[in-house]
Amino acid sequence: MDDPYHNNVTKQGTGGGEYTYTQEGGGGGQDGYPYQADYPPQEEDARSDATEGADDDEQMYEGEYQGVPHPDEIKEARRAARLEARRKARQAAQQEEEEDNLPEQYETLMEDCGHGRFQWMLFAVLGLALMADGVDGFVVGFVLPSAEKDMCISNSDKGMLGLLVYVAMMVGALVWGGLSDKMGRRKCLIYVLSIDLVFSFLSCFAQGYGFFLFFRICSGFGIGGSIPIVYTYFTEFLQMDKRGEHLSWLCMFWMLGGLYASFTAWGIIPHYGWGFAIGTEIQIHSWRLFIFVCLFPALAALIGVIFMPESPRFLLEAARHDEAWMVLRRVHDTNWKAKGEPERVFTATNIKTPQTEEDDFIEIQSDTGTAFQRWTVRHMTMLQQVMANIMSLSAAELRLQGLFLLIVWFCLAFSYHGLGVWFPDMIKYMQYEEYESKVRVFHRERVERFHFNFSLVNQIHREGEYIHDKFANIEIKSVKFEDSLFENCYFEDVRSTNTFFENCTIKNTVFYNTDLWEEKFKDCKMENTTFLHPKKGCHLNFLEENDIVIYMVSFLGSLAVLPGNILSALFMDKIGRIRIIGGSMLASAACTFLLLLSFSQGAVICWQCLFYGTSVAAWNGLQVISVELYPSAKRGTAFGILNGICKFAAILASFIFAKFIGITKIVPIFLAFASLVCGGLVALKLPETREKILQ
């Protein structure tokens, strides 16, 4: 019996091989009407191209005319989508499991390679790079007293030089730290050292302040990236039980950089006779030779790095499996051959590599773009990747511990570099006070027809009268003439330092071949006064500008960290990074109170050495934990940011602490104490990483 609710679809053929579908209704009484009869019948030229030329026996789905997929096709597509989703889920789970095993696998490989000759060679090379950074930190401070006289640098420009160099180092740490995660540790370190060498060398010959400033800024931008790269690079060649100790030994090279800079400055800069001239325009004084000698550690490091391989951990992160295997084999063979076991074979054959996204670089074809365009696109894209890497550091699992680590870096750098400025400036101020206390004052003296053939030093002459006097071939140092009369006097071959004439009357007087010029006379009245062959501009006086006490202070301060370095290296893996950092910072905070007893230059030097020796352990622990806390793909970027924060804190502290020299000791000491206590307590909240496998 027919079902009145059942519709039968039948086929009717037409003359041209076209097909229409009619519907029979069991109880509707209608037959032969087209499907979707509400629409007018299609014209022949408007019918689907897919139906033209079809066989008479082929049955078509009526929805094809409207582009509606067949229900079977929909089911098949859904089934394929479910299968693809399951496949991706299984692949993601497998990838996550493999990536979880990557750190353990790499640690096993490093243990198989052993620790020996290769790591010690790399230790020496990277130590020289770290030493170069330490040297650069002292160069500007040592040459500035001579450079400001040689190039007529004003006080404002002098302060700007130190500030901009540190800003360049801060930017360099951020940029090169990020690039090392994309370009490689070795390649970036070569760039860093090359930039430092080239521009430091050029600064030796810069005769004007503008060029000298530019070259030192470029040099600072280069060497500023060395610390993040060096620690990241060396860490990835060490196994877990060696990291803390050997990274702490590596920190000693920064101390050696300070010793090298202090010793060479002490031995070179005061020797004016060691300079020479190139033609008539370029004068190479001894302070420029000092800058040249300071290039040697960077040059030696660059030569060594060229012969070192890339970090295998970076190569694995970049999916360069074969290169990583070759490097690991080289490490293995070098170490075991040196230990007398050359027969040992590197057995690793299947090294898992992390799944990485395809390279995002956009390559412009040679026929559609120039080589410069391709270079520009590559490097702009690389910078975008670096910025994305920096932004990704704010992930939830790293946010809190990263904030704690940043606070500790800032607090330690603020106190350390702030007091690092305060110590030498305080010594200079004490020297100045002592000098001022010995000044001799002459009031209303009258000197007539006298030949001054001896130096005048640290004197004040008020309301004096000098008639028919001769000043010949002498030095006038730290002398002030106030409201005095010079009449019919003769000055010849006079050298002056910090000497001024204020409100004086000078009549019928001749100045021949002296450096007494306009800037030396303030509100003076000149009557028939003659200046012959004056020595205009700035002139070096090495006896005045190069106090060996400053070199000795820097040398002793650098040497004082040696015991702290040794102790931190020996106990870093035994008592842990956190206790080293927290204990060192809190002990350093206690040492700051001793600065209240700084009543002499000797006491300041003593407390400086004690503070440096105590705080160096915190620096070592902080640098170790910084490279262990972050994954390999972001290790250089994170360390660069932290080191950039360190440079920023140093700039801020230098500005603040210098303001209180000669005013009060309480404020700088309190700021240093509060900063160290805050940083030490926060450090105790950091996670311990001495048994942590590099992620």
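The backbone N, Cα and C atoms fix where each Cβ goes, and this holds for glycine too.
Just so it is clear, the model here is predicted, and its values are computed rather than measured.
As written in TrEMBL, here are the features:
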COMPBIAS  13-31  compositional bias 'Gly residues'
COMPBIAS  52-61  compositional bias 'Acidic residues'
DOMAIN    122-690  domain 'Major facilitator superfamily (MFS) profile'
REGION    1-73  region 'Disordered'
TRANSMEM  120-147  transmembrane segment
TRANSMEM  159-176  transmembrane segment
TRANSMEM  188-208  transmembrane segment
TRANSMEM  214-234  transmembrane segment
TRANSMEM  246-269  transmembrane segment
TRANSMEM  289-308  transmembrane segment
TRANSMEM  403-423  transmembrane segment
TRANSMEM  548-571  transmembrane segment
TRANSMEM  578-599  transmembrane segment
TRANSMEM  605-625  transmembrane segment
TRANSMEM  637-660  transmembrane segment
TRANSMEM  666-684  transmembrane segment
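When pLDDT is averaged over the domain 'Major facilitator superfamily (MFS) profile' (122-690), the result is 82. When Cβ-Cβ distances below 8 Å are used as the criterion, the transmembrane segment (548-571) is approached by residues 138, 141-142, 245-246, 248-249, 251-252, 255, 258-259, 261-263, 265-266, 270, 420, 423-424, 427-428, 431, 580, 584, 601, 605, 608-610, 612-617, 620-621 of the same chain, each at least six residues removed from its ends. Remote same-chain partners of the transmembrane segment (666-684), defined as residues 6 or more beyond its termini with a Cβ less than 8 Å from a stretch Cβ, comprise 404, 407-408, 410-412, 414-415, 418-419, 422, 578, 581-586, 588-589, 592-593, 595-596, 615, 618, 622, 656-657, 660.
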